[in-house]
Amino acid sequence: MFAMGEATKNSGILLGPALLALLGTICVFAQHQLMHASAFAAKRLRLSVHPDYAETAQYSFEVGPGAFPRWASTVRKAVYASLVCTQLGFCTVYFVFIASNMKQVLDQYIIPIDVHYYMAMLLVPILLGSCIRTLKHLVPISLISNLFMFTGVFITIYVCSRDGLPPLSERNLFVEPTRLPLFFGTALYCFEAIAMTMPLRNEMRRPNDFSRPLGVLNVGSVFVGLLLVVVGVIGYMKYGEDVKSIIPLNFDQADVLCQVIKTGICVAILLSYPIQAYVPFEIIWPSIERRFQPLKHPVAAELTFRFAIVLFTFLLAESIPRLGLFISLMGSVSSTMLALIFPPLMDWSWRWGDGLPVWRHLVNAFLLLVGMFGMGWGAYAAMAEIIIAFANGEVTAD
């Protein structure tokens, strides 16, 4: 959400919200495709709980036409790999986000130190948070995090607009097409949440309320989409071409209110790390546990594994030169595969035997083409900029 200022800079004030609305609609439609495929698999296999994303993908391909069944196992592994990459990408971004804001706040009161030292300081609390092994015990932490986050978002909107905004004529309504790939990756990375679709649905007391027309998914997505547009447009209107990869980095460092905002947001992000890391923990650890059974000390072994994952994201955060480009790269690759490529393929596969109307063929083809085009274009642009940043020694979080 805080990266949407830069995304709007790379799309324009008019074109950006329109593209975001289209992209959000596509993402939500794809999540409904996933839930329909999961319901079909649960009915055919007589399961009490709908299978997760990867299991649904495998079963959908197994009942598909032609070469689909031969790719079923590969697709399951590809979905798991994409889920892990996406969620670990979130965790990596968190290290850079918190460290960058901590540096701006604390540099006002202590001797300035390099941002990478602040990343190292985050290791202890994040390692402690990773010791929480059950989703149930993460619920109160998630609630506190959300309260901090939404408070920070609304105060950010206030800070950006309290002194007035420049006239619209000073900002781009549209941009040249060469800048759109970075918008695509960032916007998709901000909006795409298909990894949590089935876990959230299956944990609800009334799961059907998740997918109905005015249910949790549709209403929540509209709310989030509106926030993304407002934060992005106001951030770009305020700072223009100088808007940074995270809007709070543009704030006046001497403003006490801005420092309070940054601190609160940092706390929220810090508490969110265990939630985002939960998915890769649950995907990777069971396979490791099966491979090395029996384990003499299973709890200690799992905690060691969790610590290793945290250290991996820490090292990755230390090595990425520019956060905005990293967001675009991750969004253009793993998030695009999950949100726009796998769902239409699954929909084609499991529905093929019953016959598909022309409109569904066209929709699936459109989703697939948008996904492949956006993934290739956005990944190329982000990788090229990252290589340039390394070559120029631009190793800051900006």
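For all residues, glycine too, the Cβ spot is worked out from N, Cα and C.
Automatic, uncurated: that is what TrEMBL annotation is.
If you look up TrEMBL, you'll see 2-382 marked as domain 'Amino acid transporter transmembrane'. Positions annotated as transmembrane segment by TrEMBL: 78-97, 117-135, 141-160, 180-200, 220-239, 260-279, 299-316, 323-342, 362-382.
Within the same chain, residues 88, 91-92, 94-95, 119-120, 122-123, 126-127, 130-131, 133, 277, 280-281, 284-285, 288-289, 292 sit at least 6 positions outside the transmembrane segment (299-316) and bring their C-beta atoms closer than 8 Å to a C-beta of that stretch.
Beyond the ends of the transmembrane segment (260-279), by six or more residues, the same chain brings 2, 83-84, 87-88, 90-91, 94, 97-98, 101-102, 104-105, 122, 125-126, 129-130, 132, 135, 138, 141-142, 144-149, 151-152, 155-156, 159, 195-196, 199, 248, 251, 306, 309-310, 313 to within a C-beta distance below 8 angstroms of the stretch. Taking every listed stretch (78-97, 117-135, 141-160, 180-200, 220-239) in turn, the largest tally of C-beta pairs under 8 A with the transmembrane segment (362-382) is reached by 180-200. Just going by CB pairs under 8 A, the stretch in 117-135, 141-160, 220-239 that sits most against the transmembrane segment (78-97) is 117-135. The list of residues near the transmembrane segment (141-160) in space but at least 6 beyond its ends in sequence, with Cβ under 8 angstroms from a Cβ of it, reads 1-2, 129, 132, 227, 230-231, 234-235, 237-238, 247-248, 251, 255, 257-258, 261, 264-265, 267-269, 271-272, 274-275.
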